[in-house]
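Novice: My questions will all concern the structure given below.
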């Protein structure tokens, strides 16, 4: 559903462009005081100075919104999440606090394996209800587009079920966020294929990719390219096959060790490589050359007490950097956009302006959507965030506190209270 809307007396704060902003470009924002934004049928048709027609009644067939000088930003794009899952893993959080590593928990049957079991046990209705509840919490923080991954089924039935849940939610007009589905069947090895990773990759290629293409269930294929999970060669083979079925490549890359995932992402022309805590200088440079978006997930590093990805170095090397929450039931049960802003600026040394670009236009680019969302420009969707202030610097300054007053999706207003 979309509406006709006129927003006036706004302080527009937005990156510009229809592709990712790289390097120094990330700090460049357009700022318009006392601005009007016009939305017709959910699409932006005017951005500029306040217009007298608002006072003269020209817009009588529009909803009117007086921003009263507050900042109007593009809707936030959360380009990496795992929001469709069963169960929780709160006890594992306590284990990590006592010093146990994420990988050691996985090796003794916890981690992803425990979520896989819980997800396989849920019906479509229960899985959908849980996912919808999480989305409502996320949209209150200004998220208007969210990526969601499968990867907690690791079998034919439940991987497809996760993707069908996302499709169902995407068609529901009551769900006020656009969902971009990603197939992450190569998230871990299921017990059925323990010690047989090559056979499992064959299974994904043979049994799942054709169905996903036939039923249009996903746009991207992702893989957990990591030591002890899927190798460079296994990841290359799956993503190459996925491309033959029309899925664009993404990678969980260099999260735990410097395996060379960033280099593989550049080799394959991936849309994005994500995590990148241990990406090499050569990998960063290769991603910058090939235009691979570096999607950084500071909440996960925070929750795991790991070193943060080198966001400042990546931007200085000419990369396009995006930020996302990585909401998931294990390593990061958080969809907090406010805390993402704060951690990125404090620990990754992004400026506020760069962080805004990373969570809007570059997040859109990480989902192959920079032509339609991510900035406030004519021709793009009417997706916005109204802050509680005329000062956008509050985004990281209000550490972990939601400063979104209103979310606007397709020209429809949703107060955050």
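Each Cβ is built from the backbone N, Cα and C atoms, and glycine gets one as well.
Sharing the features that Swiss-Prot gives for it:
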type	residues	note
BINDING	80, 82, 252, 326	Fe(3+) binding site
BINDING	80, 82, 252, 326	Zn(2+) binding site
BINDING	89, 152, 187, 255, 331	4-imidazolone-5-propanoate binding site
BINDING	152, 328, 330	N-formimidoyl-L-glutamate binding site
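In terms of burial and nearby residues, how do these features look in this structure?
Specialist: Long-range Cβ proximity for residue 82 (Fe(3+) binding site), meaning a same-chain Cβ under 8 A and a gap of 6 or more residues, is found for 148, 149, 151, 152, 184, 326, 327, 328, 329.
In the three-state DSSP scheme, residue 326 (Fe(3+) binding site) falls into the coil class.
Neighbour density for residue 152 (4-imidazolone-5-propanoate binding site): within 10 A of its CB lie 31 other CB atoms from the protein chains shown.
When other Cβ atoms within 10 Å of the Cβ of residue 330 (N-formimidoyl-L-glutamate binding site) are tallied across all protein chains shown, the result is 24.
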Novice: Around the Zn(2+) site (80, 82, 252, 326), what further same-chain residues have their C-beta within 8 angstroms of the site's C-beta centre?
Specialist: 81, 149, 274, 275, 297, 300, 324, 327, 328
Novice: Counting only residues 6+ away in sequence within the same chain, which have a CB under 8 Å from the CB of residue 255 (4-imidazolone-5-propanoate binding site)?
Specialist: 226, 275, 276, 277, 278
Novice: Can you tell me which binding-site residues out of 80, 252, 330 are within 10 A of residue 89 (4-imidazolone-5-propanoate binding site) by Cα, answering none if there aren't any?
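Specialist: So far as Cα distances go, the binding-site residues lying within 10 Å of residue 89 (4-imidazolone-5-propanoate binding site) are 330.
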Novice: Given residue 330 (N-formimidoyl-L-glutamate binding site) and residue 252 (Fe(3+) binding site), what distance in Å do their CA atoms have, once rounded to a whole number?
Specialist: 15
Novice: May I have the list of same-chain residues other than 152, 328, 330 whose Cβ is within 8 Å of the Cβ centroid of the recorded N-formimidoyl-L-glutamate site, in sequence order?
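Specialist: So the extra residues in range turn out to be 82, 85, 89, 112, 115, 151, 329, 331.
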